[in-house]
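Structure first, commentary second.
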């Protein structure tokens, strides 16, 4: 898309800055947590907190995208060497001052969406929400430069959203996190981390240049490719726990994801570098969403 086709601060500019394709990663953990609640409660779940969890996840993802867009522009990371999709501030689609306002508004909206969850989960939900908001800022400003991104994905796209969604979806008398729910949250985080791995793999040379010490930069290209493959397979092997507890389809269906993931990995090995890796990024996002659907369906028909 050419810069000239996007008017400054237009609705189209904000839509592109929100990066809607990233929202599937925000949806998958909530889907999985909800599926476990439906399975354990035989469909008798609380719908309202589930809807609020989806909305909170979406708004926080958009907020993180805005913050990343703005700070990469301020730091000068979005230059002519950039291999990823164009960013709004760097292209002049959104003025930096306007983006700061957008960040403030989306952060406020996330807080407003999350506040009603206190009614369903108690005051501890206030702490969970505050931690999510704080680390949304810390990740882009500091932690992503210190190799912490993969750990944060595991926590904030796996453990917290899956477990909290489950906790809020089940009736209060049944609100406790089972080992199966916790293990599925680990699997979810590992699968979603494949997206961060391939993103940082594509940007490895640029990240080295700006001293952004991602896990990929630390491991090197070859080990990063292997890690990408293993994350998906380890997530599927965690499903053996579900199989041993009688949830056969929760193990079997995600194996189709493992096949797609392996095929994408082989393409990644052939491409190795350059803008062509954006194809791998797109396929990885697709695979993550397919994993979420397959595990969700597998749990609901178990």
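Cβ from N, Cα, C; glycine included.
Note that TrEMBL annotation is computational and uncurated.
Annotation comment: TrEMBL describes 21-39 (among others) as transmembrane segment.
Feature annotation from TrEMBL assigns transmembrane segment to 45-67 (among others).
Taken from TrEMBL, the feature transmembrane segment applies to 101-119 (among others). Long-range contacts of the transmembrane segment (101-119) within the same chain, counting only residues at least 6 positions beyond its ends with a Cβ under 8 Å from a Cβ of the stretch, are 14, 17, 48-49, 52-53, 55-56, 59-60, 62-63, 66-67, 70, 94, 125-126, 129, 132-133, 136, 168.
What TrEMBL records for 125-144 (among others) is transmembrane segment.
Only residues 6 or more beyond the boundaries of the transmembrane segment (151-169), in the same chain, are considered here, and those with a CB under 8 A from a CB of the stretch are 25-26, 28-30, 32-34, 36-38, 41, 45-46, 49-50, 52-53, 57, 117, 120-121, 125, 128, 131-132, 135, 139, 143, 175-177, 181-182, 184-190, 192-193, 196. What TrEMBL lists as transmembrane segment is 151-169 (among others).
Under 8 Å from some Cβ of the transmembrane segment (181-201) lie the Cβ atoms of residues 25, 28-29, 32-33, 36, 84, 149-150, 153-155, 157-163, 166, 207, 214-217, 221, 224-225, 227-228, 231-232, 234-236, 238-239, 241-242, 257, 261, 268, 277, 280-281, 284-285, 287-288, 291-292, 295, all in the same chain and six or more residues away from its ends. Here TrEMBL flags 181-201 (among others) as transmembrane segment.
Annotated transmembrane segment per TrEMBL: 222-242 (among others), in sequence order. Beyond the ends of the transmembrane segment (222-242), by six or more residues, the same chain brings 179-180, 183-184, 186-188, 190-191, 193-194, 197-198, 200-201, 204, 215-216, 250-251, 254-255, 257-258, 261-262, 265, 268-269, 287, 291, 295, 298-299, 302 to within a C-beta distance below 8 angstroms of the stretch.
Marked as transmembrane segment by TrEMBL: 248-265 (among others).
According to TrEMBL, the transmembrane segment annotation covers 277-301 (among others).
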